[in-house]
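**Q** As annotated in TrEMBL:
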COMPBIAS  30-54  compositional bias 'Acidic residues'
REGION    23-55  region 'Disordered'
REPEAT    79-121  repeat 'WD'
REPEAT    122-163  repeat 'WD'
REPEAT    217-244  repeat 'WD'
REPEAT    248-289  repeat 'WD'
REPEAT    346-387  repeat 'WD'
REPEAT    388-426  repeat 'WD'
């Protein structure tokens, strides 16, 4: 992708529009560009603090926690304050000692991983809480419900410091280096707020939901996928799309997920059309298309038919090898070699994959699925390393601590669980 020559124009399928490609400065990103637009926001990357956990983990099973009725419970801690399905979980990035979970019970909670103790409830939601996350410095926590009500709390004081009602919420993400919150809504808009003063900017997409989005590592651009299959790469300072992929360049169905590699040079997008597209963030060109062999060998289906049986649900890049993982609703985990753009391994699950995450610094990929199991795979060999059980319903989301010592899961069984992940020689 890095060798792709810069293009002056990008031509789309048929008679669709010609989009001007804005050349990006190849030099190191200047975080102050965006800071000037949104005053008082410090986009300078903070030094990574190697914070140890002096207190140590107290991973004792809680009294009164009911074990799985369908087999062993490998978890160390169970958080059971939710009264309905738990949709989302996020860990605080600084210390990885706190979790925030949101659920179908219209509630969100911030709690401690070591013992499951509740720190505070993020009160006031009146619809399912589907998005939750900590700011880059762990000082703020944001929660968003399906109706579009977003709230931000200061973690230290446990006080609400900001709220906003947008359209029906599709996704939400904090900026990687600043107290800036982004969200995509069903009306096609992507919103960006400075928290807590509320300065706002909107990026208007097509007249259909902005189904997924991700801020690129440089903090100056964001990639957003839409229900009509289009992909836009936005300049966060100027407020305009740098690249638009549509028609044959885009997807033939709604976008479901998007990921970027570590330096932000490559973007991977997934859709209900069962395709994962590899896109150069610099040129906006599609440089690879991946489909599982089981799908590619099927006869061509009519528009919309594929989405009934299969779709891309999650994807991500390995940080130490040129590999990408794609998880499908039919239970296939596909490991692709980016340098040769070939399928390296297919790892089969008995039920659909909900999400996958790569372990930092290794070629190990974690999956959670509708059978309620977390699995660890060696992407070099395609071998299953180990699995963790304990939920009595499907896992809906999970998070992995930075040192890959803990996995935190949420489930349709109304519970969140903390698993201590063993690290055999790899």
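The count begins at 1 with the first shown residue.
Just so it is clear, glycine is given a Cβ too, placed from its N, Cα and C backbone atoms.
TrEMBL labels come from automatic prediction, so no person has curated them.
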**Q** On the 0 to 100 pLDDT scale, where does the repeat 'WD' (248-289) sit on average?
**A** 97
**Q** Is it possible to list how many residues within the repeat 'WD' (217-244) are helical, extended or coil according to DSSP?
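**A** For that range the per-state counts are 0 helix, 15 strand, 13 coil.
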**Q** Within the repeat 'WD' (346-387), how many residues are helix, strand or coil going by DSSP?
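**A** Grouping H, G, I as helix and E, B as strand yields 0 helix, 25 strand, 17 coil.
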**Q** Could you tell me how many residues in the repeat 'WD' (79-121) are helical, how many are strand and how many are coil under DSSP?
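**A** Within the repeat 'WD' (79-121) the tally stands at 0 helix, 22 strand, 21 coil.
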